[in-house]
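Listed in TrEMBL:
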{"type": "REGION", "residues": "73-139", "note": "region 'Disordered'"}
{"type": "COMPBIAS", "residues": "78-94", "note": "compositional bias 'Low complexity'"}
{"type": "REPEAT", "residues": "170-211", "note": "repeat 'WD'"}
{"type": "REPEAT", "residues": "212-253", "note": "repeat 'WD'"}
{"type": "REPEAT", "residues": "254-295", "note": "repeat 'WD'"}
{"type": "REPEAT", "residues": "296-337", "note": "repeat 'WD'"}
{"type": "REGION", "residues": "464-484", "note": "region 'Disordered'"}
Amino acid sequence: MPGPTMESEFPVEPQSLKKLSFKSLKRSLDLFSPLHGHFPLPDPESKKIRTSFKLNVEYGGIKGSSAELSSNAKAGVQNQAQPASAPSNALALPGPENTRDERTGNELALGPSIPANGPTDVRFSGKSNAVVPSHGSSERNLSTAAIMERIPSRWPRPIWRAPWKNYRVISGHLGWVRSVAVDPSNTWFCTGSADRTIKIWDLASGRLKLTLTGHIEQVRGLAVSNKHTYMFSAGDDKLVKCWDLEQNKVIRSYHGHLSGVYCLALHPTIDILFTGGRDSVCRVWDIRSKMQIHALSGHDNTVCSVFTRPMDPQVITGSHDSTIKFWDLRYGKTMATLTHHKKSVRAMAQHPTEDCFASASADNIKKFSLPKGEFMHNMLSQQKTIVNAMAVNDEGVMVTGGDNGSMWFWDWKSGHNFQQSQTIVQPGSLDSEAGIYALTYDATSSRLISCEADKTIKMWKEDETATPETHPLHFKPPKDIRRF
């Protein structure tokens with residue numbers, strides 16, 4: 001009676017190409033392994049071919065004498081025959097005809113090494129281990145294709161972090177709360193709203209201390225100076241104002257924007273102010289003289305996020321044109337343009353201690369290094385909403401707030417999303433008003449302030465009762481890392 005055919009044993013139709021490749025690799029292992037449960041014996045001819053091919057590629061086609069090659073091959077065989085040395089992950093086959101492709105001359109790697117309990121228990125994890133024939137690949141891939149070692153994932157594992165909880169809701173504004181800034185002394189914070197007022201609140205108790213009026217449209221940007229008793233505000237009324245907090249009144253106004261001003265930042269070391277707006281320009285102001293130093297033009301759409309740093313690039317802007325620009329402050333010119341995002345870059349956050357920053361868009365949250373702006377990686381999840389605000393504390397907890405009221409907490413180093421919370425609108429508000437417009441940490445990084453579309457300000461802190469047992473860390477390292 002004839003045995004079962006290959007088609008009946010491995011049906012082709014319902015299976016994917018990837019699964020068929022795995023089965024083909026496994027059949028090859030079963031076919032060429034002389035003793036099940038053991039490594040195949042080293043083959044001198046195969047070793048010689050691999051050694052000569054590697055020498056040929058690495059040294060640009062300059063071949064040594066046949067005596068040198070044969071001595072290298074013998075040395076390699078002796079090293080391979082010692083079981084105490086590190087085992088090679090490339091499978092050596094019984095004959096040279098099985099290690100070279102006759103048409104291309106490239107080695108064929110048949111997968112991972114056979115485990116000790118026999119070739120039938122070979123498990124393939126992640127992507128296929130078959131080496132793709134390298135017709136147009138670089139020399140670096142050519143030289144190591146047949147002897148490449150499969151290494152485990154080196155993605156950093158996140159540390160356990162306690163979840164954050166809402167502990168206070170502050171009502172007082174009569175419109176959407178659009179901006180927030182914390183006093184450097186960590187005693188009060190200020191919020192700007194669509195009701196055209198700026199309110200100053202006590203950070204410890206949440207009580208209202210002061211209300212400032214002067215803007216005639218919603219207040220979209222706030223910053224507090226750490227060197228002077230000044231607070232700066234910017235709004236949709238094209239106005240940028242400097243408030244003296246000893247007199248509680250406006251002492252300077254900066255005129256020049258042609259449309260609404262969406263973001264505002266203070267330079268950390270020198271007395272200059274940056275504002276970005278709907279006129280697609282980031283303007284640089286001298287705080288004392290009210291003069292415009294530069295108009296950083298180059299974006300094609302609204303400049304909606306800006307942050308500054310003491311060293312070059314001193315100004316980084318994000319725009320609705322989906323680009324991020326680094327600016328040379330001396331000449332007012334663009335140093336670099338990052339085009340990784342596909343949607344508007346509405347929020348950016350610089351890490352307090354590391355030379356890197358994150359930028360948020362509706363497509364992804366990405367991390368870049370400074371000062372060159374090299375792409376590091378994407379965060380490992382997608383919030384799938386318009387991200388309006390983000391903040392990072394010095395402990396490496398990043399928070400992002402979305403238009404749908406979702407607030408996600410991330411581990412900065414690994415990009416792992418360890419908590420997803422949904423804000424609750426205050427009674428009397430519509431569910432559609434669950435939007436987060438601004439986020440900031442206080443100076444101690446232990447309290448978080450969120451400004452929301454239901455006209456409230458919410459304060460958050462870590463849950464002291466949480467433990468790794470009650471809130472375990474669910475982390476899976478990514479299988480394939482996007483390079484852009």
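The backbone N, Cα and C atoms fix where each Cβ goes, glycine too.
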On the DSSP side of things, how many residues of the repeat 'WD' (254-295) fall into helix, strand and coil, could you say?
0 helix, 23 strand, 19 coil
Between 0 and 100, where does the mean pLDDT of the repeat 'WD' (254-295) sit?
95
Residues of the repeat 'WD' (212-253) by DSSP state, where helix covers H, G and I:
0 helix, 24 strand, 18 coil
